[in-house]
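Engineer: Take a look at the following structure, please.
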Amino acid sequence: MAVNKGLTLLDGDLPEQENVLQRVLQLPVVSGTCECFQKTYTSTKEAHPLVASVCNAYEKGVQSASSLAAWSMEPVVRRLSTQFTAANELACRGLDHLEEKIPALQYPPEKIASELKDTISTRLRSARNSISVPIASTSDKVLGAALAGCELAWGVARDTAEFAANTRAGRLASGGADLALGSIEKVVEYLLPPDKEESAPAPGHQQAQKSPKAKPSLLSRVGALTNTLSRYTVQTMARALEQGHTVAMWIPGVVPLSSLAQWGASVAMQAVSRRRSEVRVPWLHSLAAAQEEDHEDQTDTEGEDTEEEEELETEENKFSEVAALPGPRGLLGGVAHTLQKTLQTTISAVTWAPAAVLGMAGRVLHLTPAPAVSSTKGRAMSLSDALKGVTDNVVDTVVHYVPLPRLSLMEPESEFRDIDNPPAEVERREAERRASGAPSAGPEPAPRLAQPRRSLRSAQSPGAPPGPGLEDEVATPAAPRPGFPAVPREKPKRRVSDSFFRPSVMEPILGRTHYSQLRKKS
């Protein structure tokens, strides 16, 4: 019976025992993870038929391998059934203990994530409150204390000022200050002339003046008095500068210099402005029509010159009228206006520079139209003529008042040409005298040469030695001069000054290049 009973127990009548693998798979965390993995695998498998066929092949392979492994491991499992049972019981007890210690294993992943999020947010909120609340409370306390202190100090100061003003000494001090300020205002009104704006008020303000006004405070009265004094000071300085300018204009020589400076400044400004308006890279447009308008531009430039002169005269008249009138802006306003004009001219010159460079490039490449070239050339010639006139006047004045030696041009090496190359007649006579061997009865006179040419030198100083020119002719020998032996003429040492100039009448001072040109022409 015992054997039969054991056989029946082995056949399956044993009570069912818990399996560790089943319990682990039944845990909400593991089951949820498995479901998520299964959904991902299914969606990936359904994405493409090729992927589905590959996955099915792998599934069949895994199933066949698992069935083969179970069939091969079955004898081993039967022999080690007791050991597997003991290990299963031990694992179940450990799983029970783990579930007691970690209750989160009994909840799904969504719930665990939400609870974890709430826990983290509450912890962060509590940490932030623990830091910010003390700081906010402390700052509120500090600001409240500072505000209370300021209000207390302001109240104390106001009460003190009111108390001091209500005392006898305060009343006396305020009355004295009021009296002194009133006396100063009366003195200023008596000494200083009233302004036109204040003396002639608008009719709309007359009714407002009739209405009673509150007495201005001491500070406002002091400010008005200071404003009046400063305005009068500026006006006085402007009048003094104007009178000094008028007195300086009476000095001889100042008026021409000032007018010349004003004219130069106006010409320069007009040249810059006209150049800015004209230079717009004109050589990029209308290249063929430029040559046909040359004659018209010449006439136009003459008309423009007359118009420019008229504009200059009108501008000078306006400038003189403005200078004669008292400046309403005063000294500071004039300085500011001058600085503004200077800044504007600087900016205009800077902006005009690129266009000027492009125009210059066009002129170099012969692409600039004739109108622009002719007008620019005309203005440049007018400016050069004006400068030349000024220099001529200065030179004439210096020559008139300063004694200078009169200078004229002298032909270089003209005096010593006959020494190096004597005439043929002189050589013949010298040869006959030497052949005869007889001493000369008297000194043989040197051949008298003709006067030098008069094309470049009108007269010659009596002390200078005569020198033959290009057109000189050999004259007949003169009467013998007793007492002068016939000595061959020696070539004196040449000086640098002899090759360039000789004192004579007032003639232009020229160099070697100019002299060579004049010599070729003669």
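Glycine is no exception: its Cβ is also placed from the backbone N, Cα and C atoms.
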Engineer: Report which of Ser31, Ser382, Ser504 appears in Swiss-Prot with the annotation phosphoserine.
Structural biologist: Ser382
Engineer: According to Swiss-Prot, which residue among Ser64, Ser375, Ser414, Ser436 is annotated as phosphoserine?
Structural biologist: Ser436
Engineer: Look through Ser114, Ser121, Ser455, Ser497 and state which residue has the annotation phosphoserine in Swiss-Prot.
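Structural biologist: Per Swiss-Prot, phosphoserine applies to Ser497.
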Engineer: What is the Cβ neighbour count of Ser81 (phosphoserine) at a 10 Å cut-off, with all protein chains included?
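Structural biologist: I count 11 other Cβ atoms within 10 Å of it.
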Engineer: For the modified residues Thr85, Ser130, which one has the sparsest Cβ surroundings, going by other Cβ atoms within 10 Å?
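Structural biologist: Minimum Cβ neighbour count within 10 Å, taken over the modified residues Thr85, Ser130, occurs at Ser130.
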Engineer: Within 10 Å of the Cβ of Ser382 (phosphoserine), how many other Cβ atoms can you find? Include all protein chains, please.
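Structural biologist: Around Ser382 (phosphoserine), other Cβ atoms within 10 Å: 15.
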Engineer: Give the helix, strand or coil assignment DSSP yields for Ser126 (phosphoserine).
Structural biologist: helix
Engineer: Give the helix, strand or coil assignment DSSP yields for Thr85 (phosphothreonine).
Structural biologist: helix
Engineer: Can you tell me the CA-to-CA distance separating Ser81 (phosphoserine) and Ser126 (phosphoserine), as a whole number of Å?
Structural biologist: 56
